[in-house]
Amino acid sequence: MQDEFAFISNISPKQTKQPSLIYGIGDDAAVYRGSNETDEVVCVDTMVEGVHFRRDTLTPFQIGKKGLAINVSDLAAMGATPLYYLVSIAVPSSWTEEELSTIYKGMSELADFYNMDLIGGDTVSTDGPLVLTVTVIGRVKKGEAKYRNQAKAGDLLFVTGYVGKSAAGLALLLERGLDGEFSLAEQDLIKEHQEPIPHVAHGQILVNSLYRGALNDVSDGVASEANELAEASNISIVIEGNKLPIHEAMRHYDREKQLEWALFGGEDFVLIGTVAKEKADQVRKEFEEQGLMFEVIGYVEQGQPNVYLSNNDQVLKLEKQGYNHFQKRG
Ligand SMILES: Nc1ncnc2c1ncn2[C@@H]1O[C@H](COP(=O)(O)OP(=O)(O)OP(=O)(O)O)[C@@H](O)[C@H]1O
Ligand SMILES: Cc1ncc(C[n+]2csc(CCOP(=O)(O)O)c2C)c(N)n1
Ligand SMILES: [Mg+2]
Ligand SMILES: [Mg+2]
Ligand SMILES: [Mg+2]
């Protein structure tokens with residue numbers, strides 16, 4: 001297979017049948033009308049041993065916790081409140097029952113935090129690697145879900161947390177393994193990779209009709225997600241390199257490495273979005289009141305759906321080259 005995005009586009013039905021469907025394929029989650037007051041939001045993401053984790057990068061507890069977190073992150077990117085989850089697991093014979101129940105403990109720790117109920121799933125055996133698929137269901141006020149196609153020229157581009165930490169943490173784990181020795185700063189990076197906390201509260205601030213704008217979560221990297229916003233909204237995005245929030249724990253890496261991880265690393269699970277310039281201060285204030293990060297990293301212009309990086313007086317076009325399954329990394 002050539003490209004994940006081309007594949008999804010090919011299999012997307014040209015027409016839909018249910019009148020209650022509001023948005024199907026093409027965003028972080030699907031949305032359909034639930035009642036007079038609310039819309040239902042649902043999505044599914046999979047983690048595969050050898051692709052998303054190895055036994056020497058995540059513990060069983062962390063596999064479960066991250067498997068749910070990456071899905072809740074997609075709900076956060078819609079501005080939804082998480083409610084329920086279902087789990088499908090394909091288990092190779094080398095995994096013990098205790099390890100499997102520890103995966104579920106990891107999920108239930110995060111589920112307790114959000115008051116989510118596990119309501120179903122499926123269990124099968126496999127000759128291949130362990131595969132964990134989690135479906136999550138959430139809810140948002142009627143008509144208020146956040147989409148990728150709402151960016152307009154004149155908006156500012158923001159992220160809700162540091163970028164690049166997860167990729168830096170993964171590099172450390174691949175170098176030294178789970179039992180390696182790590183400095184406190186390194187432990188911070190590793191923790192970000194192993195136990196990302198989805199930005200649900202951030203998404204819910206943005207669910208406010210005053211704050212029209214696009215929203216996406218950062219799974220494949222800032223460059224890739226910004227390209228998704230640009231394509232869906234048919235606008236052009238400029239990222240200002242010196243505004244990318246790089247965490248102190250990454251400061252001793254050279255600038256090129258920092259930028260590579262921040263733009264193309266992925267798995268940060270912060271939100272990236274846009275908001276009208278004149279609303280940005282108000283949004284920032286609401287974030288600050290809750291102790292949450294809101295960092296403007298660029299702006300939206302009219303033009304072809306491309307993403308540019310302006311860095312040290314140079315402007316580079318950023319291709320959608322984050323983590324694309326089926327394509328060699330750029
Ligand atoms: N195999 C598939 N069949 C049907 N729809 C799919 C398939 N794969 C992805 N989609 C849909 O395509 C859209 C984009 O999916 P994608 O997985 O890229 O989004 P994401 O979950 O935000 O990103 P990531 O998987 O990197 O976290 C979503 O609407 C998703 O439901
Ligand atoms: C062992 C190991 N090797 C590489 C990676 C990096 N990685 C895997 S999937 C992905 C993008 C998000 O996935 P998806 O698009 O499926 O949501 C990234 C950055 C990892 N986490 N573990
Ligand atoms: Mg997403
Ligand atoms: Mg997905
Ligand atoms: Mg996702």
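Note that Cβ sites are derived from N, Cα and C of the backbone, with glycine treated the same way.
The Mg(2+) 3 binding site annotation in TrEMBL covers Asp28, Asp74, Asp217. With a cut-off of 8 Å between CB atoms and residues at least 6 apart in sequence, the same chain places Asp28, Ala29, Cys43, Asp45, Val136, Asp217 near Asp74 (Mg(2+) 3 binding site), listed in sequence order.
Under the heading Mg(2+) 4 binding site, TrEMBL lists Asp28, Asp74. Asp74 (Mg(2+) 3 binding site) falls within a helix when secondary structure is assigned with DSSP.
In the three-state DSSP classification, Asp45 (Mg(2+) 1 binding site) falls within a strand. Among the features that TrEMBL reports, Mg(2+) 1 binding site is placed at Asp45, Asp122.
Look at TrEMBL and you will find Asp45, Asp74 tagged as Mg(2+) 2 binding site.
The substrate binding site annotation in TrEMBL covers His52, Glu267, Tyr323. Around His52 (substrate binding site), taking its Cβ as the centre, 20 other Cβ atoms fall within 10 Å, counting all chains.
Under the DSSP three-state reduction, Ser219 (ATP binding site) is assigned to coil, being neither helix nor strand. Annotation source TrEMBL lists ATP binding site at Tyr104, Gly121, Asp122, Arg148, Ser219.
Annotation source TrEMBL lists Mg(2+) 5 binding site at Asp220. Just so you know, the Cβ of Asp220 (Mg(2+) 5 binding site) picks up 24 other Cβ atoms within 10 Å once every protein chain is counted.
Sorting the domain 'PurM-like N-terminal' (26-140) by DSSP state (H, G, I as helix; E, B as strand; all else coil) yields 35 helix, 47 strand, 33 coil. Marked as domain 'PurM-like N-terminal' by TrEMBL: 26-140.
The domain 'PurM-like C-terminal' annotation in TrEMBL covers 152-304.
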Inset, instruction - Filter the candidate list His52, Tyr104, Asp220, Tyr323 of binding-site residues, keeping only entries whose CB is under 6 Å from an atom of ligand 2. - result: His52, Asp220, Tyr323
Inset, instruction - Could you tell me which of these binding-site residues, Asp45, Asp217, has the greatest number of Cβ atoms within 10 Å of its own Cβ? - result: Asp217
Legend entry - Closest of Tyr104, Gly121, Arg148, Asp220 to Glu267 (substrate binding site), Cα positions, binding-site residues only: Asp220
Inset, instruction - Whole-number Å only: compute the distance from the Cα of Gly121 (ATP binding site) to the Cα of Asp220 (Mg(2+) 5 binding site). - result: 26
Inset, instruction - Taking ligand 4 as the reference, state which of the binding-site residues Asp28, Asp45, His52, Gly121, Ser219, Asp220 have a Cβ closer than 6 Å to one of its atoms. - result: Asp45
Inset, instruction - Rounded to the nearest Å, what's the C-alpha distance separating Arg148 (ATP binding site) and Asp220 (Mg(2+) 5 binding site)? Just drop the number here, would you? - result: 15
Inset, instruction - Please tell me which one of the binding-site residues listed here (His52, Asp122, Tyr323) sits closest to Ser219 (ATP binding site), measuring Cα to Cα? - result: Tyr323
